[in-house]
Amino acid sequence: METLKSENKKRVLPSWMTAPVDEKRELSVKTPKRKKIAAGQVGLATRAPVMKTVYCMNEAEMVDVALGILIEGRKQEEPTLVAPDKPQPSPPYSASPHTSSPGSSSEKEDSGNRWPALGLSPSHGPEAADSPCSRSPEEEEEDALKYVREIFFS
């Protein structure tokens, strides 16, 4: 029973737990690390930050931008198709599809309905839109979707 008493027990501690710690040496080891970290942060602060621009668009915005680009491209191609002696002024396009808000799709739809009429001769004018020779809205939509498919899936 004598072995169970705490007076008789001696614990043996590992050497790293019993060795006296030199506080000066421990501080000198930590100090250079802190200086390196601080120097690294100063170096980061002196360099110009790298700016990356990320554009995020949903599918509807991508289609709007693509259609706007196609419409602009078609407007640029049509003056070359028209005879040089009869230049037709293109209708003003107030908003760029790149800067317009998603809520302004009515302007894009209006301009989309105008571009097929640009190829008509001056004698036809806007009244020709109601004639049986004009394209149906389904054909116009299919034509626009054809360009979108061509851009995104080829």
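The chain as shown is numbered from 1 upward.
Yeah, the Cβs are placed from backbone N, Cα and C, and that goes for glycine too.
In Swiss-Prot, the motif 'XLM' annotation falls on 144-154 of the listed ranges 56-66, 144-154. Here the motif 'XLM' (144-154) is broken down by DSSP into helix, strand and coil counts: 10 helix, 0 strand, 1 coil.
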